[in-house]
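Marked as Mg(2+) 4 binding site by TrEMBL: A:Asp40, A:Thr54, A:Asp85. Here TrEMBL flags A:Asp40, A:Asp85, A:Asp241 as Mg(2+) 3 binding site. Taken from TrEMBL, the feature Mg(2+) 1 binding site covers A:Thr55, A:Asp56, A:Asp135. Residues or ranges marked as Mg(2+) 2 binding site by TrEMBL: A:Asp56, A:Asp85. According to TrEMBL, the substrate binding site annotation covers A:Asp63, A:Glu280, A:Trp323. Summarising the annotation, TrEMBL assigns ATP binding site to A:Gly134, A:Asp135, A:Arg160, A:Ser243. The Mg(2+) 5 binding site feature in TrEMBL is assigned to A:Asp244. Positions annotated as domain 'PurM-like N-terminal' by TrEMBL: A:38-151.
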There are 2 protein chains.
Amino acid sequence: MTDAETTRATTVGDLSEGQILRGILDRLPPSTAPVGPGDDAAVLSVPDGRVVATTDTLVHGPDFRLAWSSPFDLGFKSAAVNLADVAAMGARPIALLVALAMPDDTPISFVRGFADGLAAACAELAPDCAVEGGDLTVSNTLTIAVTALGSLDGREPVRRSGARVGDGVYVIGELGEAARGLEVLFGRFRDADGTPLVITPEARAALGADDARGLARQLTPRPPIAEALRAADAGATAMMDISDGLVLDATRMADASGVTIALDSATLGDDPDRALGGGEDHGFLVTFAAEARPLGRRVGTVVARRSEAVTVDDRRWSGRGGWDPYRDWDAGRG
Amino acid sequence: MTDAETTRATTVGDLSEGQILRGILDRLPPSTAPVGPGDDAAVLSVPDGRVVATTDTLVHGPDFRLAWSSPFDLGFKSAAVNLADVAAMGARPIALLVALAMPDDTPISFVRGFADGLAAACAELAPDCAVEGGDLTVSNTLTIAVTALGSLDGREPVRRSGARVGDGVYVIGELGEAARGLEVLFGRFRDADGTPLVITPEARAALGADDARGLARQLTPRPPIAEALRAADAGATAMMDISDGLVLDATRMADASGVTIALDSATLGDDPDRALGGGEDHGFLVTFAAEARPLGRRVGTVVARRSEAVTVDDRRWSGRGGWDPYRDWDAGRG
């Protein structure tokens with residue numbers, strides 16, 4: 001037998017939970033919390049006595065495919081989407097808690113790449129944030145459940161219910177890039193049966209610039225966390241993460257605020273339908289009063305409530321309406 | 001066709017995420033947080049500017065079986081184990097974030113029962129705690145990831161590293177009851193192939209009192225949260241949740257503290273092996289200085305570090321050593 005036949009990759013099933021945890025923590029920046037990982041729970045400082053908390057889960061199958069996402073990508077994305085939810089309240093992300101449920105044949109190299117992705121997302125998007133706790137379990141389905149915590153640092157939380165008639169409607173970040181990436185995945189990286197195909201370096205290099213950028217944004221979204229905090233400081237009246245598509249998320253903001261959000265498709269670039277319907281960019285939808293100094297680009301105006309929560313060019317929008325994991329499950333299975 | 005053939009139970013796949021969420025939130029006590037569920041993230045008050053945070057996951061297969069645990073039991077247990085980790089730091093639980101990943105054929109009645117279990121655990125164990133956020137996703141494997149947050153209310157966190165030579169070692173809560181329950185499940189509620197059998201009311205009624213109590217503790221552990229907080233107030237030098245068995249968890253405390261914990265088997269009831277090795281009771285291991293007024297029952301003494309982190313009657317303990325999900329996975333599969 002050759003070496004390749006007698007040795008195989010170390011898997012999480014070969015190691016104790018403690019050994020796996022050390023392998024993760026060794027790749028992350030050290031904790032600066034009063035109590036970091038390793039005790040029953042972490043202790044974190046939130047100087048103004050208010051903590052912002054959110055949780056979001058990525059499940060193999062409906063939320064990602066290992067043929068398409070590298071372990072690094074998954075660590076990066078699972079951090080980024082939670083950091084965006086904290087920042088959308090006007091809070092500075094300070095900590096992640098990461099629960100990882102893995103099949104016991106998962107190679108330990110997966111765990112290392114995943115930890116590197118977590119670390120990279122924190123370093124790039126939210127440098128005050130570290131992984132302060134977590135949990136490892138066995139599962140037949142690879143599942144990543146991340147909780148993010150943030151500090152308001154004296155700011156008032158910016159809620160989705162604060163939009164007022166006359167406010168300008170702004171978007172910070174990109175629209176439609178992640179949806180373009182999903183189209184690339186479904187269109188080019190599946191076989192005739194719909195089974196995901198691995199993205200080889202050659203296939204990635206053969207993509208046009210727009211498709212390559214969309215693919216990168218789909219796999220590793222880069223929510224503009226620092227700009228969201230500046231928007232809060234600039235007096236944003238309402239803010240939320242655009243995770244499920246501009247129209248669907250604007251509908252949620254409009255319903256929470258008791259207003260209608262009138263969008264102008266001319267502000268949405270050369271593919272307004274993709275910008276209106278495509279999810280997963282994790283930019284921010286923000287409203288500012290007329291007298292504020294806004295951030296982002298203006299996409300519409302808050303008006304008095306009409307029969308429609310959101311209008312596009314003063315009409316109801318009839319395009320595809322964002323992402324609901326239950327409804328889109330069959331599509332996601334492909 | 002009869003009605004029973006033409007109608008079927010409503011499943012989570014029939015409903016939108018928002019509809020399912022409303023079904024959960026309607027069964028829970030209302031939020032008292034500055035910002036409760038429904039925005040990008042919750043905002044919670046921690047008056048002394050420090051928040052305690054922990055996360056723990058239950059996965060169908062290694063962590064529970066639907067034949068054995070009712071939806072109510074799962075809601076109760078997933079809350080209880082996380083509340084215990086918060087209390088083990090000396091913190092008062094204030095919020096749960098609950099991420100639920102479910103197959104799309106999960107009946108909606110599961111979600112209702114699960115929510116009732118969450119609510120019951122908070123009401124009984126930690127009345128200041130409410131569900132302040134969460135996430136729903138589709139998965140082939142039913143997975144429950146709960147994050148619990150707590151407020152120290154001016155207390156210093158009680159770490160597992162604080163045990164000092166000469167301290168008394170105490171246990172608050174039960175030992176070995178949940179392990180007895182696991183023995184009942186594996187011994188009486190599996191068929192010849194090891195497949196779990198549903199626990200009928202008749203079968204439960206036929207259990208002796210001890211087995212019935214063990215089964216109840218295994219399925220719905222009741223960590224004495226309020227007593228853990230009183231132990232912190234009484235000056236506990238170290239404290240931790242006993243989740244994986246007394247010897248294994250005492251080993252962790254001893255290693256973190258640089259001491260040896262000398263246990264006395266005569267203090268451990270009539271089945272010391274089960275008390276030493278059995279996990280999942282979620283009581284508390286606590287150390288107190290000699291001059292303190294301790295809580296719980298004394299089970300040993302902290303001594304200078306020896307070659308063994310833990311001794312039982314001055315010898316190394318050679319019994320079965322607690323619960324590690326990776327190592328015990330095959331047993332759990334049965």
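For all residues, glycine too, the Cβ spot is worked out from N, Cα and C.
This view paints the features noted in TrEMBL onto the structure.
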| residue | record | Cβ neighbours (10 Å) |
| --- | --- | --- |
| A:Asp40 | Mg(2+) 4 binding site | 29 |
| A:Thr54 | Mg(2+) 4 binding site | 30 |
| A:Thr55 | Mg(2+) 1 binding site | 25 |
| A:Asp63 | substrate binding site | 24 |
| A:Asp85 | Mg(2+) 4 binding site | 28 |
| A:Asp135 | Mg(2+) 1 binding site | 22 |
| A:Arg160 | ATP binding site | 24 |
| A:Asp241 | Mg(2+) 3 binding site | 28 |
| A:Ser243 | ATP binding site | 23 |
| A:Asp244 | Mg(2+) 5 binding site | 20 |
Near A:Ser243 (ATP binding site), meaning Cα within 10 Å, which of A:Thr55, A:Asp85, A:Glu280 (binding-site residues)?
A:Asp85, A:Glu280
Cβ within less than 8 Å of a chain B Cβ is the test here; which of the binding-site residues A:Asp40, A:Ser243, A:Asp244, A:Glu280 meet it?
A:Asp40
Per DSSP, three-state class assigned to A:Ser243 (ATP binding site):
coil
Using DSSP, how many residues of the domain 'PurM-like N-terminal' (A:38-151) fall into helix, strand and coil, respectively?
35 helix, 47 strand, 32 coil
Out of the binding-site residues A:Thr55, A:Asp241, A:Glu280, give me the one sitting nearest to A:Arg160 (ATP binding site) by CA distance.
A:Asp241
Tell me, what is the mean pLDDT of the domain 'PurM-like N-terminal' (A:38-151)?
96
If I take the alpha carbons of A:Asp85 (Mg(2+) 4 binding site) and A:Asp241 (Mg(2+) 3 binding site), what is the distance between them in whole Å?
6
Length of the line joining the Cα atoms of A:Glu280 (substrate binding site) and A:Asp244 (Mg(2+) 5 binding site), in Å:
6
Return one of helix, strand or coil for A:Arg160 (ATP binding site), based on DSSP.
coil
Please determine which of the binding-site residues listed here (A:Asp56, A:Glu280) has the lowest count of neighbouring CB atoms within 10 Å.
A:Glu280
List the residues of the same chain that sit at least 6 positions away from A:Gly134 (ATP binding site) in sequence and have their Cβ under 8 Å from its Cβ, in sequence order, or write 'none'.
A:Leu21, A:Ile24, A:Pro37, A:Leu97, A:Val98, A:Ala99, A:Leu100
Cα distance, A:Asp244 (Mg(2+) 5 binding site) to A:Asp40 (Mg(2+) 4 binding site), nearest Å?
35
To the nearest whole angstrom, state the Cα distance for the pair A:Asp241 (Mg(2+) 3 binding site) and A:Thr54 (Mg(2+) 4 binding site).
12
About how far apart, in whole Å, are the alpha carbons (Cα) of A:Thr55 (Mg(2+) 1 binding site) and A:Asp63 (substrate binding site)?
15
